[in-house]
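Chemist: I have a structure I would like to understand better, so I am pasting it below and will then ask my questions one at a time.
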Amino acid sequence: MALLTLSSPHTHGPNRTSRIMLTVALATLPGLAVMTWFFGFGSLINTVLAIITALASEALVLKLRKYPVSFFLKDNTALVTGLLLGLALPPLAPWWITVLATSFAIIFAKQIYGGMGNNPFNPAMVGYALVLISFPVQMTTNWVTSFQVSGSDVAGFTDALSIIFAGASSTADAFTGATPLDQYKYLISKETSDELLQRNTFNGWLNGGWEWVNLAFLAGGLFLMVRRIITWHIPVSMLAALGICSLILGWDEDLYTPLSLHLLSGATMLGAFFIATDPVSASTTPTGKLIYGAGIGILLYVIRTWGAYPDAVAFAVLLMNFAAPFIDAYTQPRSYGHSKPKRGLKPGEKS
Amino acid sequence: MSTIIIAIVVLASLAALFGALLGFASVRFRVEGNPVVDQVNDLLPQTQCGQCGFPGCKPYAEAIADGEKINKCPPGGESTIQALADLLGVEPEPLDAEHGAEKDVPMVAYIREDECIGCTKCIQACPVDAILGAAKQMHTVIVDECTGCDLCVEPCPVDCIDMVPQSTDTSSWYWQAPTTGVELIATDRRSLKTEAHA
Amino acid sequence: MTHLIQLHEFDGGIHPPENKRQSNSRPIRKASLPSELVLPLHQHIGAPANPVVAVGDTVLKGQVIAEPEGFVSAPLHAPTSGKISAIEARQVPHASGLSETCIVIEPDGEDTWIEHQGLCDALGLDHCDDIPVDKLLERIRDCGIAGMGGAGFPTAVKLHTGKHKIDTLILNGAECEPYITADDMLMREHASEVIRGAQILLQILGAERCLIGVEDNKPEAIAALDDALVQHNEEHHIDVVTIPTKYPSGGEKQLIQILTGKEVPSGGIPASLGIVCQNVGTAAAIADAVDFGRPLISRITTVTGDAVRDKGNWEVLLGTPVSHLLSLSGYRPAKRERVVMGGPMMGFALPTTELPVVKTTNCLLAPTEKELPTNNPAMACIRCGLCAEACPADLLPQQLYWFSKAQEFDKAEQHNLFDCIECGACSYVCPSEIPLVQYYRFSKGAIREERAAAEKAEQARIRYEARIDRQEREKAEKEAKRKARAEAAAKAQSVKKEAPAAKAVPAAEPAANADLEKLQKQLAAAQAAVAKTKEKLEAAREDPEKADKIPAFESALAKTQDKIKTLAKDIAAAKKAAKSAPAAAGPDKGDPNSPERLQKKWETAAARLETARKRLADAEVDGADTVDALRAGVEKQEARVAEAKSAYEASLNSDASLKTAVSNNAGTDNTSAETVAAKPDAEQLQKKLLAQKDRVEKAKERLEMARAEGLDSVEALEKALNKQLDKLAAFEAQASTTGEV
Ligand code: SF4
Ligand code: SF4
Ligand code: SF4
Ligand code: SF4
């Protein structure tokens, strides 16, 4: 009578990776909905396209690596990568940008490093950075200028399809432009802040689409926190660092982008709650998360303000990904029974 | 002209500054320690089997310090080579097969005591004095001290020494690392779950 | 009760479903007597106990059957009366499924107690409150009490707190593991014993207060303890503290943190904080031992899980097979059957049910797959950090996992791997269902093994160096001796040189007087003897080799005895010859091959043979297992005797042949011998030559033998051989010249 002998514990809680990933995906839905509302179907189409590409590339690589395909696809991580990338790319980006970014993210940034859990960089952001560097024009101008409030002016489904897949530029020109962050930075040398904020792009408080999009992602992020899927550390420290930088360095709205725009424009909330918190490539110790988040916030501000790119979530996150292992090694918590925490990786003297 | 002078001055002072820093660091953080031979010797398994071609671990350690290859110790195996490579800052090489293969399990000598004729030859062969016995008396191996070097097997005229795997008891046994999920699926497509439902 | 205890919280922790209702709704039942009881000698931490009974002995209930071995150990008692049916290796309840020595008792069904009494009565004291502490400790040790909560540390050892002053005793009644209700039921039904145990422990430790920590999901137990406190009038020293339910609050370190806010230093013991922690079951066992003299022979065990029909708690005799207990509880083996000893979080799955209940068995859990599904294949770690949030020791389980998986043990150690209490909280929450704890166990084991290996290597190095030193010393000593000898020889030589003539004349005289015919006869006889001895030598030499190859000596017994007889005759003959030998022996004592020397050698060899034979005979009579070895030894010795004899005879032979020539047999100085000798005729030379050849052969043989045996004499023999060869060459040269003449 051979009994099963497995190591303890013999019971397991309800947490499952696939479910966690699915929850993350669900939490982005409000953001996606708002984006679709304000920016038209481009976001939705690109997101779906990105997800399909992600799953297909993942399956392909797994097949090539002779790994069990369904076992890994079921973990939903490729789904989340595709989804986040779809949300981060410009809504009306041509289809090949989306496909290129997503397949690169999955194949090179994730699977080449050994697949789920082994990638040192956030795959979605690697894909994003690739296309941003390679195709700066398409990446900066395909944003929808959100003077459309009523919804009637938004790119309709067919319009979006034709712009994305057929590159119908004449249609596109009617809808696309740079993001508010970009415009503000570009125009502030010519106009005063007050004048600027009266422009269509900004359109006053809570009138443009960006504020609502960011608020929707904030809501989704809070939902994740409540479900204890992410902790408060990274988003809070990141937003705080961004805010402090902007208050101290950019207090003069006639010279620098104002705080409200930093927090509620661009990919700030998406980055803070969904991208910076990607557990695989982030720091994992409590103190480490604070440092990591703050680092992203500062870098975000620096690149946004003095860099050439309009938004900088991708670069800030990737740069901090580099630092994460190091941060982890030096921010170990104080373990039970130790008078002080250990530092670094080398076996040191007992603390 | 003045810019060139400034540049030279700046560079020179920077060089001086960093030089001083490096010098200070080398004094301040110098690693105190035993000479390299002892460090190498500490990494060798001290089996004293001579498979490396030297009459013991210490002589091999000395040879390594003099530039001998680090991949000649089969009892130490890959882990020892790795450790030596780390210590000496050289590339690890695969174990030199010429000197023998690494054993999977640690072995100890076992004398079939009723066959021993008490010739003391094994005692003379054992480099670590792990055999107990006197002329014409039955001999026995002190298991805790035997390094499993094999050297006593050959000289025994009645072939009564066996090398047996070191036994594990409940205090030395430990769990092995689990097979990963991927391996589990790869080796057994009927995963734990499906088997359960079957 | 009277004190307000400020509770603290430990970090992390989880709230798995409790599943305690199934087993705590009915009172403790007494398990029936099984057909045999199996008692492993190693039920506690420390050295295994040493059996003091033999197979076939009858024992009474409570009788000591194994004594502790060393300080950290515990004795073992017979749980019932009966017969010792075996002392053998049996599988023991351990995750490894390995076997260890167990004492097996076949109960006689009488259950007769050995005489026992409370310590107070045993000491004849009037006031049972002032039993000396050492007597109490002795009683606890003698009764084999070991921690009954989990690890099984011998209690008496734990109570020896040495230099640490203890102010707080903590009784652990938290029982935080799901399913287990053994302590719960014990506290409900034996609250009074628990309190009594606490009193005794307080007295031993000299502590001021006792805190009994009980999770708030056991209101009945708390009420029972409170009642017992009132009964014992102990409300002022002992507090029953209700703590919030959270796993693993029953871990010793966590309970201490909850109740006192202090942390046991890493690698340290609670005593360094002035705290001793004991399980409530242990306290009850102590009360039983001290007040009634009952050793630890039974315990309360929960049997639960959906695979048993009749869940509940049993009072079980130690050694009762798990299968017996399961069948009492209506066990229905399910698919993917598991039986866990201990709880679902920290217990271990048994490899078979034919294993005994031991001192630490608080629960047998037989879950169905539906109830506690086995893990899905583990996915990759997503570094979600849930494990770190759950870890009560504030470790970074995800990092430990990476390091363990990559076998980067030094990094794992640096991340405080050894502070992991293996509580399983991290595995429980891990969304990727990684068996984290198994990784940690693997790492810890590998690190321990590595440490042991390093220690062993260090030991080996020391021994090796000591050996080299010794060998060098010995060599130096030998060298010194050799030098001394050489000097002495040189002196002797110079003395000899001064009076060569004086010596030569008396030496030559008897030889001159000797009858040539007689000499020749002697020579022939000697030669015949040499031939004979040679044959014998050959035979004798072959024999040990046979012995090597055919381990079955039994058949050769008779043959060998015959040989011994013939050899005895030989020796007798040799002795006779020896008596006459001195007269004929050459005079030079410095020569190792002189007949005198050789005779001595032969005699000692013969004497040794005699003793060897005697020993063999003794061994044969006793049937000792050394017989074979001794026989081989005797055979070798025989060979040696024969050889010595032949050498002696050969030397006699050559001596005789040279006597007429008044030659110096030793051959140390051939030329001088030549000059002193009368001019030899061809016949004589021929004989000499033959004898010398013989001798060379002999020397060669002897050298070979010595080499084969690795004797120290190899060098000496080599020298001797060379000399003999020189001599032979000289003789040959002489013979050829004579021939020419
Ligand atoms: S007993 Fe044999 S195997 Fe063991 S150390 Fe000595 S010589 Fe080597
Ligand atoms: S070499 Fe063999 S026969 Fe000789 S003492 Fe050792 S074990 Fe015994
Ligand atoms: S809970 Fe599991 S998946 Fe999450 S960090 Fe820990 S080990 Fe990794
Ligand atoms: S098993 Fe170890 S690492 Fe895991 S939660 Fe418990 S103490 Fe922490």
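Positions of Cβ are set from backbone N, Cα and C atoms, glycine also.
Curation does not apply to TrEMBL; its annotations are automatic.
Here's the feature list from TrEMBL:
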- B:Cys49, B:Cys52, B:Cys57, B:Cys73: [4Fe-4S] cluster 1 binding site (BINDING)
- B:Cys116, B:Cys119, B:Cys122, B:Cys156: [4Fe-4S] cluster 2 binding site (BINDING)
- B:Cys126, B:Cys146, B:Cys149, B:Cys152: [4Fe-4S] cluster 3 binding site (BINDING)
- B:32-90: domain '4Fe-4S' (DOMAIN)
- B:107-136: domain '4Fe-4S ferredoxin-type' (DOMAIN)
- B:137-166: domain '4Fe-4S ferredoxin-type' (DOMAIN)
- B:1-26: region 'Hydrophobic' (REGION)
Chemist: Do me a favour and check the Cα-Cα span between B:Cys146 ([4Fe-4S] cluster 3 binding site) and B:Cys122 ([4Fe-4S] cluster 2 binding site); whole Å is fine.
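Modeler: That separation, Cα to Cα, works out to 12 Å.
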Chemist: Cβ under 8 Å, sequence separation of at least 6 from the ends of the domain '4Fe-4S ferredoxin-type' (B:107-136): give me the contacting residues as numbers and ranges.
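Modeler: For the domain '4Fe-4S ferredoxin-type' (B:107-136), the sequence-distant neighbours (Cβ-Cβ under 8 Å, at least 6 residues beyond its ends) are 48-50, 56, 142-143, 145-158, 160-166.
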Chemist: Looking only at the region 'Hydrophobic' (B:1-26), how are its residues distributed among DSSP helix, strand and coil?
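Modeler: So the counts come to 25 helix, 0 strand, 1 coil.
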Chemist: I need the neighbours of the [4Fe-4S] cluster 1 site defined by B:Cys49, B:Cys52, B:Cys57, B:Cys73. Which other residues of that chain put their C-beta within 8 angstroms of the C-beta centroid, in sequence order?
Modeler: B:Leu44, B:Pro45, B:Thr47, B:Gln48, B:Gly50, B:Gln51, B:Phe54, B:Gly56, B:Tyr60, B:Lys72, B:Pro74, B:Pro75, B:Gly76
Chemist: Taking Cα atoms as reference points, which of the binding-site residues B:Cys52, B:Cys126, B:Cys152 is nearest to B:Cys116 ([4Fe-4S] cluster 2 binding site)?
Modeler: B:Cys152
Chemist: Within a 10 Å radius around the Cβ, which one of these binding-site residues has the most neighbouring Cβ atoms: B:Cys57, B:Cys122, B:Cys126, B:Cys146, B:Cys152?
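Modeler: Sorting the candidates by Cβ neighbours within 10 Å, the top entry is B:Cys57.
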Chemist: If proximity means a C-beta under 8 angstroms from chain C, which of B:Cys52, B:Cys57, B:Cys119, B:Cys122, B:Cys149, B:Cys152 count? These are the binding-site residues.
Modeler: B:Cys57, B:Cys119
Chemist: Other than B:Cys116, B:Cys119, B:Cys122, B:Cys156, which residues of the chain come within 8 Å of the [4Fe-4S] cluster 2 site, judged by Cβ distance to the Cβ centroid of those residues?
Modeler: B:Ile111, B:Ile117, B:Gly118, B:Thr120, B:Lys121, B:Gly133, B:His139, B:Cys152, B:Pro155, B:Pro157, B:Val158, B:Cys160, B:Ile161
Chemist: Within 10 Å of each Cβ, count the other Cβ atoms and name the one among the binding-site residues B:Cys49, B:Cys73, B:Cys119, B:Cys149, B:Cys156 with the highest count.
Modeler: B:Cys73
Chemist: Using the Cβ centroid of B:Cys126, B:Cys146, B:Cys149, B:Cys152 as the reference point for the [4Fe-4S] cluster 3 site, which residues of the same chain not in that list have Cβ within 8 Å?
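Modeler: These residues sit around the [4Fe-4S] cluster 3 site: B:Ala109, B:Cys122, B:Ala125, B:Pro127, B:Val128, B:Ala130, B:Ile131, B:Val141, B:Thr147, B:Gly148, B:Asp150, B:Leu151.
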Chemist: Helix, strand, coil residue numbers for the domain '4Fe-4S' (B:32-90) per DSSP?
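Modeler: Split into helix, strand and coil, the domain '4Fe-4S' (B:32-90) gives 29 helix, 0 strand, 30 coil.
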Chemist: What binding-site residues among B:Cys73, B:Cys119, B:Cys122 are found with a C-alpha within 10 angstroms of that of B:Cys152 ([4Fe-4S] cluster 3 binding site)?
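Modeler: Neighbours among binding-site residues, in sequence order: B:Cys122.
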Chemist: In the structure shown, which of the binding-site residues B:Cys52, B:Cys116 has the fewest Cβ neighbours within 10 Å?
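Modeler: Sparsest of the binding-site residues B:Cys52, B:Cys116 by Cβ contacts within 10 Å: B:Cys116.
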Chemist: Report the nearest neighbour of B:Cys73 ([4Fe-4S] cluster 1 binding site) in space among the binding-site residues B:Cys119, B:Cys122, B:Cys126, B:Cys149, comparing Cα positions.
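Modeler: Closest by Cα distance to B:Cys73 ([4Fe-4S] cluster 1 binding site) among the binding-site residues B:Cys119, B:Cys122, B:Cys126, B:Cys149: B:Cys149.
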Chemist: Out of B:Cys119, B:Cys122, B:Cys126, B:Cys149, B:Cys156, the binding-site residues in the record, which is closest to B:Cys49 ([4Fe-4S] cluster 1 binding site) when you go by Cα distance?
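Modeler: Comparing Cα positions, the candidate nearest B:Cys49 ([4Fe-4S] cluster 1 binding site) turns out to be B:Cys149.
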Chemist: Sort the residues of the domain '4Fe-4S ferredoxin-type' (B:107-136) into helix, strand and coil with DSSP and give the three counts.
Modeler: 5 helix, 7 strand, 18 coil
Chemist: CA-CA, which of the binding-site residues B:Cys119, B:Cys122, B:Cys126, B:Cys149 lies nearest B:Cys57 ([4Fe-4S] cluster 1 binding site)?
Modeler: B:Cys149
Chemist: Can you list which of these binding-site residues (B:Cys49, B:Cys57, B:Cys126, B:Cys156) have a Cβ closer than 6 Å to ligand 1?
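Modeler: List returned for ligand 1: B:Cys126.
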Chemist: Distance check, please: Cα of B:Cys126 ([4Fe-4S] cluster 3 binding site) against Cα of B:Cys119 ([4Fe-4S] cluster 2 binding site), rounded to an integer number of angstrom.
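Modeler: Taking the Cα atoms only, B:Cys126 ([4Fe-4S] cluster 3 binding site) lies 14 Å from B:Cys119 ([4Fe-4S] cluster 2 binding site).
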Chemist: Sorry to bug you, but what's the C-alpha spacing from B:Cys149 ([4Fe-4S] cluster 3 binding site) to B:Cys156 ([4Fe-4S] cluster 2 binding site), rounded to the closest Å?
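Modeler: Per the Cα atoms, B:Cys156 ([4Fe-4S] cluster 2 binding site) and B:Cys149 ([4Fe-4S] cluster 3 binding site) stand 14 Å apart.
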